[in-house]
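Remarks on the structure that follows.
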Amino acid sequence: MSKCGLVAVLGAPNAGKSTLVNALVGQKVAIVSPKAQTTRVRLMGIAIHEDAQIMLLDTPGIFSPGRRLDRAMVKAAWDGAEEADRLIILIDSAASLSKKVEMLLEGVEQRPEKKILVLNKTDIANKRALLELAQKLSDRLDPEAVFFISSTEGEGVADLKQHLADAMPEGPWHFPEDQLSDATDRMIAAEMTREQLYNQLHQELPYASAVVTEKWEERKDGSTAIHQQIRIARDSQKGIVLGKGGSKLKSIGEKARAEIAEHLGRKVHLFLHVKVDPKWDEDRSVYEEVGLDWTQ
């Protein structure tokens, strides 16, 4: 009998949610960066184990939102929780229980959904402190299971995947066996370029920018031409994105193009354009492009 269910992965920013989803799927479906709040979209990774299809919602981190974009990101995370058969509460075990973690705990401890507590980055955590943390969190969350993992090293991920497969309700699969994500190729391409902004630019600039896929053209030779717009808030940021003689933008484009080409399995021509738009985060089309709801 086939099984299929939805699992929302919740955590504070930078807890390792996207890395865990990628590890469970077995392939990269979500962008990853050492910087916090990398995930903006509510992206679904699709994992298969035995007769179970596990739909994994990689949600934006839970934090105290200020601007409209932040509010939309946090709303996407909580909306994902409401639809789920299971909640994974992912905690960075190497970090202290910050205000952001406390906000997460307060938001989930009274929720009716069954919870799975996952302590991540256990390869660099103090073992005694780790056990004390697990007990403290278990007392608050009453999870059905607790897992100690290192999603970057792969430790403990197989056991977690088995538990999720066993926990999924009976029912038909929602996606074809070879589909790894519900995101469109346009969205994935924009996310891959945005990942390079996070990896190659420093400080706060990636947070003050967006990537929108404006044009997608399938050429007769089998290649794909993609035109993307990088939107930034201030004219002073343009030089940072471009770099000396356009070198930084070229580097961003080259690495993003290689990732997109690997994802699509064909040659890609990527054209990047930088646009200064002080109110880009008030543009509804940006939210629609990345699958976020417009919030007040």
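Each residue, glycine too, has its Cβ placed from N, Cα and C.
TrEMBL has this to say about the protein:
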type    : residues              : note
BINDING : 11-18, 58-62, 120-123 : GTP binding site
DOMAIN  : 3-170                 : domain 'Era-type G'
DOMAIN  : 201-278               : domain 'KH type-2'
REGION  : 11-18                 : region 'G1'
REGION  : 37-41                 : region 'G2'
REGION  : 58-61                 : region 'G3'
REGION  : 120-123               : region 'G4'
DSSP helix/strand/coil residue counts for the region 'G4' (120-123): 2 helix, 1 strand, 1 coil
Binding-site residues listed as Asn14, Thr59, Thr122, least Cβ neighbours within 10 Å: Asn14
Where Gly11 (GTP binding site) sits in the secondary structure, as DSSP reduces it to three classes: strand
